[in-house]
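A.B. asks: If you scroll down you'll find the structure; I have some questions about it.
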Amino acid sequence: MSLTKITNIDAVELQEGIRNLSFQEDGDDASDASSSRGQQAISMENEYTQIKPYAGMPKEVLMRFSSKPCYRLPREILFWLIIACTLALIAVTISVVALSPRCMGWWQMSPVYQVYPRSFKDSNSDGVGDLKGIKEKLSHFEYLNIKSVWISPFYKSPMRDFGYDVEDFRQIDPIFGTMEDFEDLLASMHDKGLKMIMDYIPNHTSDKHIWFQLSRNGTEPYKDYYIWVNCTRDKPPNNWVSVFGNSSWEYDEMRQQCYFHQFLKEQPDLNFRNPRVIAEMTDIIQFWLKKGVDGFRMDAVKHMLEATHLRNEPQVDPNQDPSTVDTEFELYHDYTYTQQGLHEILTQWKKEMDTYSRESGRYRFMVIESYDYEEIDKTMRYYGTDYVTESDFPFNFYLLYLPDDLSGNQAKSLVHLWMSKMPKGKWPNWVVGNHDKPRIGSSAGKEYVPVINMMLLTLPGTPTTYYGEEIGMVNVNVSVIQDPFGQNDPSNSRDPQRTPMQWNDQLNAGFSDSKNGTWLDIAPDYSTVNVELQQADPDSTISQYRAISLLRESELSLSRGWFCFVWSDVNVFAYLRELDGLNKAFLVVLNFGKDTTTDLSSVSGLPDTLTVHLSTVPISQKSFPKSGIPTSKGQGLLLEYSTSQRFHPNHESECYVSEKACYLPQLNILYNC
């Protein structure tokens, strides 16, 4: 007979079997039954004290143990602890969301880089830049830490005004490539995290556009797509003049009427008093948004509407012979610029773009172009109102006037002009060059390009860089004038600032492999001023541009901190950038005059010694006392310092902030304050 060890499980199961009468055989005697009933009378509590909890125990056993205080109390404590932690986590999350400042958009974090496609890169050796050429050079934007690329027009066009006379808004001009080339470029840009901003030209079309051809012969509904008035061949309806000079009316033999054009006669103005025109132009915006473009630069919007009464505009000089008035600056454009109804159209387009912005991570950006000169209040109106956003910002062209009186005082005056007029909480921006204005390297001087780039990248807001400014390209006296504006008046030619990009010192500056030349002359200094050469030099213009662009993105005080004026004189313009809660701050000292030493001892909040973070001119000194900061002609200094004292609370009239936030170092987060 073998002995078998009885385990706790066996004992329990055996006891259960003894209690269950159905397991008894018919032959069991009364004594067995009596014994069974006795076993049933044993207290259940006593039964389960005979064993300890074990894995796989029956439900009944588990429930017995779970009801005991030694097990129930810890379980309840753990339950309520989980509830409390969950509620605390929810509260913290809600607090963080409520206190967190608005995330900055892609159009705020990066400089905007303007590409003039005819001159950026030629991929097929015809001497003209194209879309495939832009794709070949996407790495250039990555090198500069550029995320936003604005490309000037590439629509199908007769090229009377190099793309600003559009024949078909839904086609790519063959000189630039195909729609497939465009889609390939856009996809490649998005793959690299780059955003594409397109030029949109709402004011006018080409006279080759199908709408104009149908309007000329009176075909409905296109008859009133343009502005037609009765006139004679020799007598225009009024004294209105075009931007390019002479009368803005052109007699059409087919229709026997005059049509209105604020630019070339080959660029007839659309009639935005006609709701069908607004609908057509809105459909075009939708067409490109559906393609995936990230934003639009709205061209020449102030020209979109004209007064219907057609009265003569007042002359600037009332004594001038009216027959000699033939330029836009000889009239007050009370009836042709910024007319009532314009802002409603632009607001409607912004709302249309906002519907596409609901796509996660796909904000659609809108910037307005309007040269309003001394009437800056008109420019500010394009920001919108407290209740309605009209655009993300209108372009700020006022720094283009810096070379007119190059000095520290002039720089401060122009910056203050925008910051003081800008509606509270709006986002500033800065432009020092584009395809219509002389390059800053020529208007201010080549030696000032690095310091102007430093200012552009350290001011609050979004900087815009015209292609070539990162290497200091200058205007070129071209051998043959291509620009229609320049053909009317060579002194106003825009060709000099549109010459091909200088990539290296090879054939055609690396822009094109064409053996027959390029559409405009290559700059004679391309062998010494080019991307490839400067990338190899850590002190070059492009290397400095890249370094500041990277710093702007990584330093909170530069990207969204306070901006405060601290000094200006005939030579130097200085300002600081700081963020509440962050001890690191920057002082920017820019020399637009002669060699000088600046004493900032009177500026409270600055430590006695400041560390040199970057200089546009090579220097050996690593720090300067604030009582004596030396700068040479055209030098820019980016000085870093550490302090817990803030400058802006005691200098409210000298300080501005758009995206206000405070830094909490303990948690390394930003919060609303």
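Heads up, the Cβ atoms here are built off N, Cα and C, so glycines get one too.
Per TrEMBL, transmembrane segment is recorded for 77-99. For 114-498, the entry in TrEMBL reads domain 'Glycosyl hydrolase family 13 catalytic'. Positions annotated as region 'Disordered' by TrEMBL: 484-507. Per TrEMBL, the feature compositional bias 'Polar residues' maps to 488-507.
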A.B. asks: Looking only at residues six or more beyond either end of the transmembrane segment (77-99), which have a C-beta under 8 A from one in the stretch?
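C.D. replies: Same-chain contacts beyond the flanks: 669, 671-672.
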A.B. asks: Give me the DSSP three-state residue breakdown of the compositional bias 'Polar residues' (488-507), ordered helix, strand, coil.
C.D. replies: 8 helix, 0 strand, 12 coil
A.B. asks: What mean pLDDT does the predicted model reach across the domain 'Glycosyl hydrolase family 13 catalytic' (114-498)?
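C.D. replies: The average pLDDT of the model in the domain 'Glycosyl hydrolase family 13 catalytic' (114-498) works out to 97.
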